[in-house]
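**Q** Here it is, the structure, as structure tokens.
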């Protein structure tokens, strides 16, 4: 009887999957067709379109309206040359002289200071001054009870002051140094320093915890972790395992802060993990794995080029033309902007991670899952800037009380995330909206964990309710990110009014059905992964 019920359930799941796939194909066909038409009809009114190498094939201009993507794309050739020279030099010296952590730190300091001189010119002085002050504070106060207050106060002070005073001026030191303001490099140092702040806090915490009894059970972890079982070393083990006292030296600390491959954009790596791999290079990725990783990045770059030539989503957002569109078109542009943003960060972060892997340092993957395969807020933030999420969990979420104070923690953490990105009201609005949207999800999860569903009907009802909750969450995510990165808090009323009018309500209903279908598809993907994992055990 049970076998018969299982077979019927499997057959029903397959039918459902095919219906979902057909709907998804129809949805994306419609979105692509409508996006092409919008980009054609409004071409002459859009800002940030330029002719590029694919233009002669597509007969369309390239959308380079996003400043971050435009700068990265324009500097890609010189970055790749620097990438190749630095990578070859570091690996050659490591192989020839058998450098360990101390030797590699001096080598990378030399390489990184060449890189930073080009980027920031004389402003390296500001970076080193703040970094040295932080090092002294850590070494002096790390064993004190109030150390964490000192560490956070110091770093938050400079995080805010750097932005308020726009990286300072040399004239504040004295008029005799004012001429150095003519040698500030090609890139604003205080923008990059946001990442340096995270590294300085990581160093402080890891040094503070080094002499304490660790709650991390290494033997238990190795027994459970399939990576460590295979003879390799996973990132979690590298992060949680304290390094020897001699690794907390000034040279390794400064090297960690300005390590060239990860300096500009991350991914973010903890001090413990960095110092360990500076001593013994990563062994999780073979030469073949790294090569394939690089080729996949090239394929993703080609996809981005095709996307920005055919669909001018970001140009619509920059030009403000989304206010002239129908609710359906606003939804399509908003959805397209979020996918563009995901692919942009995916390419930038993977580029620098690829560089770091070649040089022997494995950093966490920042975008391990596609944006269209996340149906809850917690899963989304674990897979969007994932290395930052790991940092937040280790250095903020757990010290603040973890899951026991989750409802309070998310407000503190997301406020910090907004301030860390920039001092803008729209980012704070994005942060607080995200926190508000977290509340119903946390209530649903706690209710679900309290209920023990065993019957087939109960499981069906629970899965359907979860799909509905997923559709609501995706809608909330879209609203929060559009407010934070496109329309700003002033555009909320306009957005809501557009979708609550007669023309907008059917679109709102269609959005909800589409996100419901998308959530159900994600469930099937997760089920397939679990079956594959179980069959591999």
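Cβ coordinates come from backbone N, Cα and C, glycine included.
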**Q** Quick check on the annotations: TrEMBL lists transmembrane segment for one of 330-349, 350-369, 370-389, 390-409. Which range is it?
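**A** Going through 330-349, 350-369, 370-389, 390-409 one by one, TrEMBL gives transmembrane segment for 330-349.
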**Q** Name the residue range among 105-134, 435-464 that TrEMBL annotates as transmembrane segment.
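**A** Comparing 105-134, 435-464 with TrEMBL, transmembrane segment matches 105-134.
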**Q** May I ask you to check whether the transmembrane segment (105-134) and the transmembrane segment (295-318) make contact, with contact taken as at least three Cβ pairs under 8 Å and only pairs 6 or more apart in sequence counted?
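**A** Touching, no - the transmembrane segment (105-134) and the transmembrane segment (295-318) miss the threshold of 3 or more Cβ pairs under 8 Å.
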**Q** Are there residues at least six beyond either end of the transmembrane segment (74-93) with Cβ under 8 Å to its Cβ atoms? List them, or say none.
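**A** Those are 99, 104, 107-108, 111, 115, 260-261, 351, 355, 358-360, in sequence order.
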**Q** Between the transmembrane segment (16-36) and the transmembrane segment (186-205), are there at least three Cβ pairs closer than 8 Å, leaving out pairs fewer than 6 positions apart?
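**A** No, the transmembrane segment (16-36) and the transmembrane segment (186-205) are not in contact.
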